[in-house]
Amino acid sequence: MSTLVIAEHDNSSLKPATLNAVAAAQAMGAEIAILVAGANCAAVGEQAAAVAGVSRVLVADNPAYEHQLAENVSLLIAEVAAGFDNIVAPATSNCKNTMPRVAALLDVSQISEILSVESADTFTRPIYAGNVIATVQSTDAKKVITVRATAFDAVAAEGGSATIEAVPAVHDSGLSTFISEEVAVSDRPELTAAPVVVSGGRGMQNGENFKLLEGIADKLGAAIGASRAAVDAGFVPNDMQVGQTGKIVAPDLYIAVGISGAIQHLAGMKDSKVIVAINKDEDAPIFQVADYGLVADLFEALPELEAKL
Amino acid sequence: MKVLVAVKRVVDYNVKVRAKGDGTDVDLNNVKMAINPFCEIAVEEAVRLKEAGVATEVIAVSVGAKPCQEQIRTALALGADRGIHVEAEGRLEPLVIAKLLKGVVDKEEPQLVILGKQSIDGDNNQTGQMLGALANMPQGTFASEIKVEGDKLNVIREVDGGLQTLSLSLPAIVTTDLRLNEPRYASLPNIMKAKKKQLDVYTPEDLGVSVTSHVSQLKVEPPAERKAGIKVEDVAQLVDKLKNEAKVIS
Ligand SMILES: Cc1cc2nc3c(=O)[nH]c(=O)nc-3n(C[C@H](O)[C@H](O)[C@H](O)COP(=O)(O)OP(=O)(O)OC[C@H]3O[C@@H](n4cnc5c(N)ncnc54)[C@H](O)[C@@H]3O)c2cc1C
Ligand SMILES: Nc1ncnc2c1ncn2[C@@H]1O[C@H](COP(=O)(O)O)[C@@H](O)[C@H]1O
């Protein structure tokens, strides 16, 4: 059996979610290859070749793949897929965008965001905002799967010595064009990979007040997240949303501040190791999942917390 | 231009769904059903395009058993012009739904198809992208802003790193994210009017699609429960617990 793992990257570095996807591929017990589709992405190919447990790296280096346009990359993956039994990708926004197109081109179903590999054709995945875990079995000969990164421990980024092969196939559908990108730049760790996450909700009242979280995040080396309400209200940008339809995080420590704990928010953070909630409403549902709850006004508690850390 | 909007009937987002005791399926007895929130955003966007004079006709389509006509009626009350029900029973996978929608696309030839990014029951996040591949159309998924400019569609997308802007040739697929718009409520007169709007029913056979399943659900179970912890007295105790009990900070 052989598995193709799709690399998540920005043309210069391989993103950690790829290592979780490789871990899922390992659980399938197959020989693993990584596909790097991008432009001027040779460096990513080399990083992928160093990943533990990978035997081949395929690099498709062409301007058509520079911005991960789904129309182009899906045609490439569907072609390369001919030589593999499983096509596995991390459930990043890029791969969520591309992989269902791959599945449709191959006329197979996609199994989204698996949590575990039960056997070669059987997997578990969350449904209904994670309130239910379904065990599903696929009858497709070729399986297209996305992986919830937080459910698989990353394999080592070093130690492998895979061969690197160039994939010459060029697919430029001409259907879509990249115009621009507004990428948030931050010195903080990436939200989905950070060991500590401090998140603010509607209770923060405005974007300015998120500064109160920054001081704490600085001391803890934390990433900053948010609830949907905080994003919708324009306090912070969309890429900070944690939840069912935002990012899934599972840090060692998650601190929820001024967040009520709606099921859609819990879906994105309830697998964190330790959860702290700071909320002035002692009946807020967030306390039902919090290891340590502090009933307090956040405007008093946060400065004190920062001072005591 | 003609706009097709796909709406799915799902459990209301406020309902906390549970697995049945015997693990065969989720318990949906007497549960409130609604239009999938992302589809509501899709309908709103289509109706706004019509109000802006960009869209000429908005067609709402749903795939499922008879009761999903309720959600089509909701879309009609929100401003869609007519409805299409593709009647199919059982657990339908995104691939099958995408094939059925492709059948409707072939009949109606819309310039724009708007879907939700994700159904909140299956959490698949697949159907729009699959339809894009099947119909060979470009896609603007997870959209927070769309604008028709001549024969192109500009889409701002919510991605992991921030926002991305694409230009798509029409016809195109869009899937909605939460920030695309704030859906309106249907007024009572519009709910009454919606009852008289045209609603056509097709079968999968009419569309030449065979409803075959590639994935079977073996069982469902509740996730590992988290126990509620303790309430701390004050910030000092919180810091002490995190340092000395949980040992997550130093
Ligand atoms: C389709 C769909 C998808 C969704 N996806 C997501 C998602 O991915 N992520 C997500 O987070 N939500 C999501 N939601 C929204 C979710 O249902 C909730 O509306 C949202 O999580 C609420 O955010 P909040 O807790 O910040 O706001 P609220 O529920 O308004 O809670 C604010 C909290 O702050 C507390 N507070 C106020 N002032 C203070 C103070 N001074 N000190 C201390 N505490 C204070 C209040 O007691 C309250 O508990 C989704 C909803 C839908 C319908
Ligand atoms: N049965 C259905 N009928 C109509 N549209 C659907 C159906 N299932 C999914 N969709 C559309 O596809 C979107 C994404 O669904 P999913 O891929 O299941 O997460 C939904 O928001 C709908 O717009």
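Every residue gets a Cβ built from N, Cα and C, even glycine.
Please treat TrEMBL annotations as automatic predictions, because they have not gone through curation.
Listed features, source TrEMBL:
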BINDING   A:Arg202, A:227-228, A:241-245, A:258-265, A:Asn279  FAD binding site
DOMAIN    A:3-182  domain 'Electron transfer flavoprotein alpha/beta-subunit N-terminal'
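Among the binding-site residues A:Arg202, A:Gln244, A:Ala262, the ones with a Cβ under 8 Å from a Cβ of chain B are A:Gln244. Of the listed binding-site residues, namely A:Arg202, A:His265, the sparsest CB environment within 10 A is found at A:Arg202. Under the three-state DSSP scheme, A:Gln241 (FAD binding site) falls in the strand class. Averaged over the domain 'Electron transfer flavoprotein alpha/beta-subunit N-terminal' (A:3-182), the predicted model has a pLDDT of 97. Shown are the binding-site residues A:Gln241, A:Gln244; the one with the most C-beta atoms within 10 angstroms of its own C-beta is A:Gln241. Each of the binding-site residues A:Ile259, A:Ala262 was scored by other CB atoms within 10 A of its CB, and the lowest score goes to A:Ala262.
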